[in-house]
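Database features, via TrEMBL:
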TRANSMEM  54-72  transmembrane segment
TRANSMEM  84-106  transmembrane segment
TRANSMEM  118-140  transmembrane segment
TRANSMEM  170-188  transmembrane segment
TRANSMEM  194-215  transmembrane segment
TRANSMEM  235-258  transmembrane segment
TRANSMEM  270-290  transmembrane segment
TRANSMEM  297-318  transmembrane segment
TRANSMEM  324-342  transmembrane segment
Amino acid sequence: MSTKYGLVGYNSSRKHISISIPSSTEVMSPHIKSVEELRVLGINLSSLSAPTQFFICVAGVFLFYLIYGYLQELIFSVEGFKPFGWYLTLIQFGFYSMFGLVELQFTQDKRRRIPGKTYMMIAFLTVGTMGLSNTSLGYLNYPTQVIFKCCKLIPVMIGGVFIQGKRYNLTDVSAALCMSLGLIWFTLADSKVAPNFNVTGVMLISLALCADAVIGNVQEKAMKLHNGSNSEMVLYSYSIGFIYILGGLLCVGGLGPAVAFCSEHPVKTYGYAFFFSLTGYFGISFVLALIKLFGALVAVTVTTGRKAMTIILSFMFFTKPFTFQYIWGGLLVVFGIFLNVYSKNKEKMKLPTLKDVRSWLLTKKKVRFLSQNV
């Protein structure tokens, strides 16, 4: 039997929200490897082919996270809001928890499959990566913050080796290096033109990077080992994280000033934060689907490419000077994405060897010589 916790009305016949948690007497295999049914925002991806699944997930990540990035920069452009990054994260986690609870009601199996201790660790890492990242925007300009976050490709690969025992080939390593170096080149150009550098911001985003490098591998391992759903992962990790942040703000006395400021600007703070959280929730649902279907490295590669597009949109909507270094950095990122895609589809995308190129050139030269003699 499962123990159920719910919000029950005065009449027992009324519908109520419920979350099922396996009791100690229920035995559930800890080594469920198959994905029975994977739904993202009502879309059943399980019955689709792998390329279609990948296309839908990538489209979802790009669409919702591009809007997410725009709203994030827009919120921090509100005068006086920069010191309240942790309060924004608290609001964000609260909305995510509500969205996850609503989505969970549309799933048939409401059991919590992943252990509570694992969720406590995932919540701690999530608080670190999102809270520190949001707070760093109070000390760094947006492109500088993005470039630090993009450098998590290599730490994710290192985390995959130590946490899951994975082994990556030279192509994967080259892809990670190309994308990271390209984005560094791309964004440093903006840092030179409009520097807004602060040691505190660097420390915050570096700590966020460390947490971000670990969380993808921990999520992938937990979801594959226990076959947890996306809505379950979001609900428990963000609701526990909400408690962490709320306790921290109460301890340091940061809750009162933030509430007072946001009350004076409700539309530009709570209004923007709602849509910021909504698009972020939709985006994280597609990221979790990518992690579950294709692994943490593919998910990070896609999100890193999305960050490059976010930077481009940042220049379009928020006035910034232009330099050709952006183009060269962008091309290096595109090459890194190509290397990663090629690494996953070597059989379908066989590149010509040096011997093949030499043979083709000799054949072409011979045909040209014969045509001249005719």
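Using the three backbone atoms N, Cα and C, a Cβ is placed for every residue, glycine included.
What you are looking at is a predicted structure, and each value in this text was computed from that prediction instead of being measured.
Within the same chain, the transmembrane segment (297-318) stays apart from the transmembrane segment (118-140): fewer than three Cβ pairs sit under 8 Å, each pair at least 6 residues apart. If you count C-beta pairs under 8 angstroms between the transmembrane segment (270-290) and each of 84-106, 118-140, 170-188, 235-258, the highest count goes to 84-106.
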